Structure formats: structure tokens, C-alpha cells
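Engineer: Sharing the features that TrEMBL gives for it:
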type: TRANSMEM; residues: B:14-30; note: transmembrane segment
type: TRANSMEM; residues: B:37-59; note: transmembrane segment
type: TRANSMEM; residues: B:71-91; note: transmembrane segment
type: TRANSMEM; residues: B:103-120; note: transmembrane segment
type: DOMAIN; residues: B:122-415; note: domain 'NADH:quinone oxidoreductase/Mrp antiporter transmembrane'
type: TRANSMEM; residues: B:126-145; note: transmembrane segment
type: TRANSMEM; residues: B:157-180; note: transmembrane segment
type: TRANSMEM; residues: B:232-255; note: transmembrane segment
type: TRANSMEM; residues: B:267-289; note: transmembrane segment
type: TRANSMEM; residues: B:296-314; note: transmembrane segment
type: TRANSMEM; residues: B:320-345; note: transmembrane segment
type: TRANSMEM; residues: B:366-389; note: transmembrane segment
type: TRANSMEM; residues: B:401-421; note: transmembrane segment
Amino acid sequence: MTTQLVIFYFFATVLVASALAVITLKNSVHAALSLVLTFFTAAGIWILAEAEFLGLALIVVYVGAVMVLFLFVVMMLDIKPESMREGFIRFLPVGVIVALVMLVEMLSLIGVKALQAQALPPNPALADGSNTAWLGKALYTQFLLPFEIAALILTVALIAAVTLTLRKRSGVRTQKPSEQVQVQRNERLRVVKMASEGKPGESA
Amino acid sequence: MISLTDILTLLPESFLTVAICALLLLDLFLKPGQRSITHYLAIAVLGVTGWLVLQHYGAPRAFGGMFVRDGIADVLKVFLLLTTALVFVYARPYLRDRGLFVGEYYILSLFAVLGMMLLVSAGSMVMIYLGLELLALSSYALVALNRDSPLSSEAAMKYFVLGALASGMLLYGMSMIYGATGTLDLDKIHAAAAATPQRGMLLFGVVFVVVGIAFKFGAAPFHMWLPDVYQGAPTAVTAFIGSAPKLAAFGMAYRMFESGLGSVGPYWQQMLAVLAVMSLAIGNIAAIMQSNLKRMLAYSTISHVGFLLLGLVNGQPAGYAAAMFYAISYALTAAAAFGMILLLSRAGFESEEIDDFKGLNQRAPWYAFLMALVMFSLAGVPPLFGFFGKLLVLKAAVDAGALWLAIVGAVFAIIGIYYYLRVVKVMYFDGADDASALPPVADAPVRTLISINALALLVLGLTWGPLYGWCARALGIAQ
């Protein structure tokens, strides 16, 4: 058994175990954290298969950004596990039937395909060097124009988001430091000249 | 590698991109009262871009085949820019009266124009998708521009969700076509499609691509979003998304079906024929029942898309030339139709119900005459512009051996005349009955330009030869 295979089995075991934990753990924060572990091990397997860019992208995008958002949402929503489990027994038969149908479908599809499928030949362009470098090169040469257009699309998304959400609210008390420091004495202090008070009952 | 030729080929698009960014920055420093500067600069940018398009710098292909510059792209771009400039002029009083006169309207519209220009020049499926998304994202935001209006927000939401769904379908189809042919380049797909061993996968991909394009076109039965979006969007935005994008939709269909899948024509021609018949039927029959003019024009768009598809079903250069001519005639006529609604509206009065046009002849006989011209052109009454478009696509359908399709088209064209003429009848034979009976108030540029636009429908109808000749030359048909 080669080292690679040992590492693969290790990652695969952790992956399956953490994936199981995602759907069995009662605490939804723990479930979300298990999902992070699942993504992380999946990324490990991809890197093992020499798809290091995909693996890193999975970590950066899903673990770094998407799951953090997900955790925020889970923590903000007050989800009661008990209420989620209501009707578990009642809907169990339906769930089992759906699961069985899906299992049969997947087996018939994958089972048949797995017998016919042949491993894709490795891309000779990727034989030496990392595929991150290859992807980067392709993005800046062959796909330069689409890459730039994608940047424009992001710009439009930014402009659209600002257009649709930025509004000047009236009646909101916000601090304006630039105006506050320019305050003059006579804006804050008003000297009122009054006639001195006479005896009670004398003045109108 | 990128060479100077690549950059020169892309000069109009590059100029437009730089100009949009400059305009965006400039607009930031303008006071609300100076917004007209953005307005005039946006029109000037469109003009300069159009001039650059006509200069023919550069090579027919750039960026390794990603970008194609041929006659079709040039003709479509010129009319895209022209239509957008017309809409900008018509939209100004409307936007100003409603507090929507903001720089973002111009910036987002210009980005949409850039997306359309890239779309009609696409040489790869990636470019088709990205051009389309640039157009679509800008359009979603434009529809929601009047964010305090619930109708507008609802329309934008529907447009966004259905648009995203359509993009998903298109991408899925493209991935299948990529799987079957092993390339994203449209020319290589053209070469590989006929001989691919994966015919099933290719056909599967073609179905999804047809569905995606039909969604974007607004062809029945994928038209559900169109009436709500047209009605819900501010009329200034409806005028934009209802006119120029039809040219881009034709360009996209041409690139995808002819440049890419031309060698497997029978795959998609039957599907387009079915879409054409359904669009003609649903568009024309549903339009009869509408009382809102914007909604009626939306259903009318669906029926016009049906006619346009008749030209594509042909699958020969003459058919594409006819469809292109049709798209141009429709874009100019639709700009005039929505321009007329914009002209007659004012603060607090939308003028978008057909009843709002009652007795227009007594209030403003000249505008009633212009509106009648526009309606006659949409209906396809000779000798107006719209008639020759219809004639050419019907001829293309007959030439393709689909006589039944041409007969269906002709029957529904006659049904369609009813609801266009109803608007004319309301204007000339009904008396105005309420406070809306004020003469239209509009700026001098709007009044002048809409007169020119509507009269051009008559002039181009009488002398349609040169324009059709231009379309035909673009497709390489010897005259």
C-alpha cells in the first residue's frame, strides 16, 4: 500500500464520518462545523488527485466565505431542534420510499456507468507544473477577454447594489463630525437680554 | 498573445468601457441640477462608439476567436446604439418628472449596450454567456430603478428569478454541447457538431440552449415574465429593454444557431418553428384583451418575436437577412411606440392605459397622426416599415418549404391588426372624457426626434431597399 493510498483512505474516512455528523448532530452549530470539516477533507482529496487549484478554491470560497456566512445565519436564527424533529415518525415511510427510489436511481445510473466508464486520459499540458499556473496562464492569455468582461459584470453588480440600496433618510440623527468641529460660539450660546424683574404683580 | 490588431478590433467596445467608467466618476461630482451633462455626454458616447464601429479598424477576429467582427455585428451595433440614443432622448422628461433622473440610469443602460455589443460579436460560448449576463444584470437593476414602487420591485424580482433560471438552462445546454464537441469556440463547434459521436448529448444540449434563448427573447411558452416586466418597469426603462435588446437577441440567436450549430440545422429549426407558432398565437390573441398599452405592447413583442423566428427557421443567409431586417424595423418602431407613451406622460400621469389616448386627435392632431403611423407599422400595413419586415420573413418561411408556417404567420398578422387599430380608433373616434385631456407637454428635442422617428418609419417603408441591401451584404448575399 502506497503512502498516497493510506492518505486517501484516511481522508475518505474522515470525510464520510464528518458528512454523517452533519446530518446526525442535534446542535446546528456543530453540524455546520462538521460541514467545514467535510469541505476541508474533500479539498484534501482533490489536492491528492493533483487538482490543487480546485482544492484551494474549495477552502477559500466554501470554508472561508460561504460557511462563515452560514454559521452567522445559524447562530442568528434561533432554531429549536425539537420542533424540527416533529412528525419524524409520521413522515418516515414517505422519506424511506423517496430515499429508496433515489438509491435505486443512483445505483442504476452509477452502477451501469461505472462498468463502462474509463478513466479520462491525463491532460498532457498539465503533466509538469501546477495546474494553478496553467489556469492562471489560460485566464490571462486565451481567456483574457472573458476574464475582463467578468470584471465588468462585477462592476455592474456593485453599481446596481449601490443604486438600489443607497438612500438618504430624513429624520435620522447621525453624527457629522466635520460640521461639529466647525461650530461657532454664537451658534451654541445665545445671550438674551432681559429686563430685570420687578416686584411680583407689578409687571404685565 | 494580444497584439495591437486585437485592441484595434475591439476599439468601439474599449472606448465605450472607458467612457462609461469616466462618466460614472464624473456623475459623482455633479450636483442634481447638472444631471443634463450626464445625459448629453451619454448620447455623445453612443455617437462616438457608433462612429468607431463604422471605421472598420482591425481584423475580422480578435483574442483568438473570442471576438468576431463581421458585417452582421457592425450593422446590429449601429442600430443598437441608434435605438439606445433615441430612448435616452425620449426618457429625459419622464425621468426628470419622477425623480428618477439619476446618472445610474445612463450608466446601467450603457453597460447593457456594452453587453449587447459583445453579445452580437461573440465568437465563443463563454462570450455569449458573459455578454448576456452583462446585459441581463444591468436590465434587472434598471427595472428596479424606481425602488419605491411595489409594481416595479415585483417586476424586477420576477425578471431576476426567471432570468437566472434561463441563464442556468443556457449554461447547462452549453456544457452539454461542450461535452459533445469538446470545444467552446463557435467555429470549431460548427465543424465538430456534424460528426460528433455523442449525438444524443448534443441534441440534449441544443434543447436547453433553445429554451434559454427563447426565455431571453420572450418567445412563447417562455414569455411569462415579459408583460409584468414591461408594465412594472418605469416606461423609460421599458422603452430601453423593449427595443434594443431585440437586436441583441437576434445577434445571439444567429451566433449560437448559425455560427455554432449551423451544421446541425434540423435539430433546432423544428423547435424554433414550434416556438414561432406559439409566440404568434399567444402574443396576438392575448394582446386583444389588454387595456394597458405597455402590456399590449409586451404581447405584441411576443408576436413579433414569433415573426423574427420565422426568418431564423429558414436557416439560409436570405432568412437571416430577413430576420435581421425585421429586428431592426421592430427596434426602431418599438422605440417610437414607447417614446410616444413617454411623450404623453407627465408628472403624476403615466399615459399608459389605452383609454388615456382617447380623443388624442382633438388634443394634439400631429401626435395622433404619428402614433397612428407607429401602430400601422407595428401592424404591418403597407407601405410602412413593419410591412416589409413581415413580407421578408414570410417569404423566407415559404422559401424554406414551410408554407404552413407562412400561412399561420399571415393569419395571425391579420388578427394582430385588430388591436393595433383599436388604439387608432380610440385616438380618432372617441372623445376625451376626463382630466387627462391636456395637450402633451414635452421638451423640444423629444418632440422633434419622435416626429423624425415616426416619419422615418414611413420613409424607410417607401425606400426599404438600401437597408435590406445592407443586411443582405452583411450576410454575404450577392445583390
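Glycine is no exception: its Cβ is also placed from the backbone N, Cα and C atoms.
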Engineer: Mind checking which residues of the chain, 6+ beyond the ends of the transmembrane segment (B:267-289), have their Cβ under 8 Å from one of its Cβ atoms?
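Structural biologist: For the transmembrane segment (B:267-289), the sequence-distant neighbours (Cβ-Cβ under 8 Å, at least 6 residues beyond its ends) are 202-203, 206-207, 209-210, 214, 219-221, 223, 227, 257, 261, 296, 299-307, 309-310, 312-313, 315, 400, 402, 405, 408-409, 412-413, 415-416, 418-419.
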Engineer: At a C-beta cut-off of under 8 Å, are there same-chain residues at least 6 beyond the transmembrane segment (B:14-30) that contact it? List them, or none.
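Structural biologist: Non-local partners: 7, 37-38, 41-42, 45, 48-49, 52, 103, 106-107, 110-111, 113-114, 117.
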Engineer: Against the transmembrane segment (B:232-255), which of these stretches has the most C-beta pairs under 8 Å: B:37-59, B:71-91, B:157-180, B:401-421?
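Structural biologist: The listed stretch sharing the most Cβ pairs with the transmembrane segment (B:232-255) is B:71-91.
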Engineer: Under 8 Å between C-beta atoms and at least six residues away from its ends: which parts of the chain pack against the transmembrane segment (B:401-421)?
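Structural biologist: Distant Cβ neighbours of the transmembrane segment (B:401-421) are 273, 276-277, 280-281, 283-285, 287-288, 290, 296, 300, 303, 306-307, 310, 313, 375-376, 378-381, 390, 393-395.
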Engineer: Take the transmembrane segment (B:37-59) and find every residue of the same chain, 6 or more past its ends, with a Cβ under 8 Å from one of its Cβ atoms.
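Structural biologist: Sequence-remote neighbours of the transmembrane segment (B:37-59) are 5-12, 15-16, 19-20, 23, 26-27, 30, 69, 74, 77-78, 81-82, 84-85, 88-89, 92, 103, 106, 109-110, 113.
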Engineer: Six or more residues beyond either end and a Cβ under 8 Å away: which residues meet both conditions relative to the transmembrane segment (B:126-145)?
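Structural biologist: Answer is 66-67, 100, 102, 104-105, 108-109, 111-112, 114-120, 152-153, 155-156, 159-160, 163, 167, 170-171, 174, 184, 216, 229, 232-234, 237, 240-241, 245, 248, 252, 255-256.
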